[in-house]
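Chemist: So that we are looking at the same thing, I have put the structure below in structure tokens.
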């Protein structure tokens, strides 16, 4: 799988897949103990993996960390690990089934000893799982570190990470496969779909689902963009002309989310993650508490009272979030003061430069919003860590909720104020356009250009070592230099920020695009560049992430659906404020409000009816899943009958 294979102490050749980097001052007894546990047989509590120490680099002048280790495994060990994880693979009959080593020849593409049966991402995921589940036995602490306490059942890798003994664990890139993926993904500009299967094969299902959603969202915006262009070109300043566009928004945002569920279910089925059982979640590395026993596993692990966590959430985190929302509101009012000042100057002296000045407050406000969101993100991560959630999923849900609430308020509060308090549609159009364009430029700079520039500065040192003038991606580095180069690359922090950006763009389009029809066009252009910039940074800037066998986009689906509900309310209110609708209620404001609320409830009802009518999983996939469940029950019945007959025969013979 990699261009170079290594030889471990037992003489077995293996392809290095994962790198472990320990602190440079790690004590020798701790290293010896960890390596022995990694190499030990499974029945003795080990991981039964292959591991060797990385050699020194070429032309080393400064001191390099000697405690870097390459981890791999035999093919049989990887296949057994795939069975333990319940990885789904395609059978010769076209169905997707959980892989079993005993029936390995019944699976499609299994040839010989199965050397190419598992993708490299799957092999690395198996190794990560085996390392993560490496548990302490009788040890009371990590050898040489009395403060790094251990107890039976404690994950060794998680303890080493939390104590800073293990600096990082990351999977290696495969240079040739990465070159092929880069060429088909972003190195040539083409009007075609993304290579989602190749992305999934190299990076795993979670990353492929993000790029699948980005692609789907871009195509879903095309109808709205095509409708929005004539609205903008004809310069229909009369606000009532946008009522039709607002109605279209309501149906559009519901239908595309429901159709995405079907699309993601189809992808997840063919990738083997739709019907895969979710593994029992282990405690997070940072979770701490008084030592106790887990009632499910029976293993010793920290116990932290739920009541204490709730007190931290409701008495500290919640007031902090509310305080941040108040500060965001205060900044928004300063923006409106600046807007009024710029408008007064333009009214006194309407020239070209004073007209340009009208956009300056919105640009400054957009930059301030991005800075506030960034600072708040760090504060939210600190608070969520301090809340001490046991599970990673719980941690992520609380973090997503905190970040979404603040980002939604900071990005959209001013637009809501302009629309429904000031009722200035011209200012709303100007503010929406400025916020959208400025945030897109800043995001592209922060996400792609800045990390790439910093990475190139770090890479110059490594390139000088091997005395090459060409870019490191275009030459064959020795394995030692490749490992050390990748160790210095930035760590990919997951799809959180990418989904957050799409969530905010979805909000700009679904909430207020009826007053700025070009919003969808700008978001389409942004998403096209986003595909290339995200692909570029995945291949050139970041370490390779471990595969994430996801079946959907998780909590983000709920976030987008919540935004679509808010969009119904917002667009109904905008329709109710239009002069065309107001003309039907010239005398009674109350009747207008009641009719608007009634229309909103009808549309919400229509939205939920659409949600019910559009099935989340296509019918042909439902049939395949039902057939798989039926065959599993039949096989279980046969096994029970066989065991019963065997016991009866044994009883008769006695």
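Cβ atoms here come from the backbone N, Cα and C positions, even for glycine.
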Chemist: If you look at how TrEMBL annotates this chain, which of 156-178, 179-201, 271-293, 432-454 comes out as transmembrane segment?
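Modeler: My reading of TrEMBL: the transmembrane segment range is 432-454.
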Chemist: Which one of these stretches, 78-103, 104-129, 130-155, 208-233, shows up in TrEMBL as transmembrane segment?
Modeler: 208-233
Chemist: Quick one: which of 399-420, 465-486, 531-552 does TrEMBL have down as transmembrane segment?
Modeler: 399-420
Chemist: TrEMBL tags one of 49-72, 313-336, 577-600 as transmembrane segment - which one?
Modeler: 313-336
Chemist: TrEMBL lists transmembrane segment for one of the ranges 356-378, 609-631; which is that range?
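Modeler: That would be 356-378, the stretch labelled transmembrane segment in TrEMBL.
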Chemist: Are there at least 3 C-beta pairs under 8 angstroms linking the transmembrane segment (208-233) and the transmembrane segment (399-420), leaving out pairs fewer than 6 apart in sequence?
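Modeler: No, the transmembrane segment (399-420) and the transmembrane segment (208-233) are not in contact.
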Chemist: Counting only residues 6+ away from its ends, which parts of the chain sit with a Cβ under 8 Å from the transmembrane segment (239-260)?
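Modeler: Tertiary neighbours of the transmembrane segment (239-260) are 213, 216-217, 220, 223-224, 227-228, 231, 425, 506, 510, 513-515, 517, 557, 560-561, 563-564, 567-568, 571-572, 574-575, 577-581, 603, 607, 610-611, 614, 616.
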Chemist: Considering pairs 6 or more residues apart, do the transmembrane segment (502-525) and the transmembrane segment (208-233) have at least three CB pairs under 8 Å?
Modeler: yes
Chemist: Taking residues 6+ outside the transmembrane segment (553-575), which of them lie with a CB under 8 Å of any CB in it?
Modeler: 209-210, 213, 242-243, 246-247, 249-250, 253-254, 257, 260-261, 264, 396-397, 400, 404, 416, 419-420, 499, 503, 506-507, 510-512, 514-515, 581, 596-597, 599-600, 603-604, 607
